[in-house]
Amino acid sequence: MTGGEQLIISGVGGQGILFVTRILAETAIRNGMPVMTSETHGMAQRGGVVISHLKAGEFSSPLVRPGRADGLLAMKEENIALHRHFLRPGGWIVANASRVPAGLEGHLVHVIDADALALEIGSPQAVNLILLGFALARLTDAGLFCSTHQVIATIERRLGEKGALRAASLKALRLGMERAEA
Amino acid sequence: MSERKLLLGNDAMAHGLVESGCSVVASYPGTPASEILSGVALWRERYGVPMHVEWAVNEKVAFEIAYAAAQSGLRAATAMKQVGLNVASDPFMSAAYLGVTGGFVVISADDPGPHSSQTEQDSRLTAMSAKVPVLDPDSPNQARELIAAGFELSEAFRVPVMLRPTTRVCHANQDILPGPVAPSERTAAFVKDPTRWAATPVFRHKLHLELEEKLAGIAAWEPTAPRLLNPGVSSGKALVASGVAAAHAREVLEDLGLRDVIPLWQVVQPYPLHTAFVERLLADYDEILVLEETTGVMELQLADRHRVKGKRSGFVPEVGELSPELVERLVAAFAGIPAAPSVAPPTGGGRRPTLCPGCPHRASFHAIKRAAPKGIYPSDIGCYTLGLNLGGVDTVLCMGAAVSQAAGFYHAYKLSGQVPDIVATIGDSTFFHAGIPPLIDAVVQDARFVLVILDNATTAMTGNQPTPALGWGAGGVPTATVDMEGLVKACGVRFCRSGEPGNLPAFTALMKEAVAFARTDGLAVVIARQPCVVDRTYTGERPPKRAVRVSDACNGCRFCTTQFECPALVYDEETKRVVVDTLVCSKCGVCVDVCPRLAIEEVGK
Ligand code: SF4
Ligand code: SF4
């Protein structure tokens, strides 16, 4: 309707989905876009499926309707099947998976084994940012509402006072970006 | 603060409270309302405004503390979830009659869906039966604005005002331009007036008459009147929506190309519905679609209902959330145009919620099942409700009911002979909230069961708020502490022992002792004490890390995955054995004592 962008970010509790959503939403605000996000709290967060809706642009409902999302960021392979119905025809999928699952025709699909990379750098909680870095680098043509540089700037602003965490977060993001080029 | 910020609905309301010169805020945590009070504590510190902000022991206490401030002429608020309002319903009903001097906003957050609640009840109905006006925001920003409107309304008519956000408002984030903060200049000035503040039934009759007059005035109060969101549109049909349903409807109208076809009225004050609006609605339109969550509260106030499509007429479902896709279908059907084909979500799949890897409750449930394998397990509200996956939870009713239900089961069985082992579980925060009166009752009535207080030193389910035992309050300020053992003993309990559930063999032995005591001697209390694994506020010691692996002795019996259900233990279909997912394992080491074949071992041992 509005030229805005609607994303679904999903995974399971404890994977830092809320953090990724917030980084993207704050980047949207810096870009002068109105933004709304909506996520799961409470019961479902305890190891269950966590889904977050992000809408940047002139929207009024906090939720994405099925068939309307421009993209799906899946932190676990199983979340692709669970939440693909939110995608519009032609919408993109970026997923943490070791290979491209079958049956995703009609969508632009990019996968990265972020679990393995996170273990490699000894930081299991980095999966979310590895995937985000990878997505940003791969989606330049698919037209994400923000650029890698803008996201880096948001992380730097947000974690400015937390030196070690900021460094680790940016390292994870860059690792994902590098692998996107490989 | 003059830049747009991404704020959670609850934080936006918190900012609204601080912006409005609110002086006292008290709350008990409950999803989806929990972050309101922590937000207030944060803004209070950020702006350096003098306020009393507290996590009260329960909602009734929170309500009464804030209400007294409003009786003293200050602006005050209390925040809770819809089932929390049930706990505070006693003072809520009375406060409407007695009224206020300062502004008083009662935030009661509803959970249509329900995502993390026992019921889908509509707080607006409770407000209606209490005769308290309600405001129903559609977004985080409107929730913030309606706080200010609520205080004005409250002070203009001297009544408590309810703000009723829902999960999709509380837990949505929006870019918001917060308003300036001006600290209140008021000082508490309670004016004695016993005929009002301590009114006997005779005076209550008079107060009721006054309240009815106030409500008539509120139903004509311009600032909260319904708003036509697309002015200039005329049609025989009209949409009337409140809360987040109004936000969905706005977007859906646009997408369906109906923005210039069907007028959309947003009602921000669903009770009392504005009298002039009701008249106009029935005069101007032949057909009216009412969209609101969860109950048809506006609909109930519309006379001439045969022209109204809504929950009463069966057009709108009575149960569940009004999702935007559902709103799209309803609006299309109402307009008589085809809706986009609905896209069905996949059925099944996904993971069910479970206790975190390394959660001490998982160990407690395991020990309980070992000590009383044929027992009845009443439980309570909190993370440990998830113990039902483990077969350690048989009942969940409401806050504190684990204790009274355990007593009830005892008395019921005792009448007819054989009493089974009964092991009830309750969290530390829930125990302070509603567990003490039923414990006293159980002791006095000689009910014999084991009560396990799962003391993880926090209110975990709602985001790790403090309990009275911890010595800190909202915003981290130091407080006095209450000693749980002392409290239990003072209730007359003779067996009160604590143990660390992560030490499974020792804790299981303690549980067996408690079960034996309960069979012969009376009520036994075990305090299962170990910090929550995800609590970042916890500063004390934690048990040492014990990394584990699964050896070749594993025969894939799946005892550990079905009976213990740690998310880090994964059954591998290919090898037909269990492996440890090191990405999620918290290295608590408890599973070493769970596998009957001793196939799980500590690394390096
Ligand atoms: S680790 Fe032990 S309990 Fe788990 S499947 Fe293997 S043998 Fe069974
Ligand atoms: S040590 Fe065992 S019980 Fe503890 S988190 Fe790891 S796999 Fe789960």
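Sequential numbering from 1, following the chain as shown.
The backbone N, Cα and C atoms fix where each Cβ goes, glycine too.
TrEMBL names B:C585, B:C588, B:C591 as [4Fe-4S] cluster 2 ligands; from the candidate set B:C557, B:C566, the record adds B:C566 to that same site. Among the candidates B:C532, B:C595, the one that TrEMBL lists alongside B:C554, B:C557, B:C560 as binding [4Fe-4S] cluster 1 is B:C595. Under the three-state DSSP scheme, B:C591 ([4Fe-4S] cluster 2 binding site) falls in the helix class.
Checked against ligand 2, the binding-site residues B:C560, B:C566, B:C585, B:C591 give B:C566, B:C585, B:C591 as the ones with a Cβ under 6 Å from it, listed in sequence order. If you look at the domain '4Fe-4S ferredoxin-type' (B:545-574), the same-chain residues 6 or more away from its ends with a CB under 8 A from one of its CBs are 351, 354-358, 362, 366, 369, 389-391, 580-582, 584-592, 594-604. Proximity to ligand 1 at the level of Cβ atoms, with a cut-off under 6 angstroms, picks out B:C595 from the binding-site residues B:C566, B:C585, B:C588, B:C591, B:C595.
Counted over every protein chain shown, other Cβ atoms within 10 Å are most numerous around B:C566 among the binding-site residues B:C557, B:C566, B:C585. B:C588 ([4Fe-4S] cluster 2 binding site) sits 15 Å from B:C595 ([4Fe-4S] cluster 1 binding site), taking the CA atoms of both as reference points. Confidence in the domain '4Fe-4S ferredoxin-type' (B:576-605), given as mean pLDDT, stands at 93.
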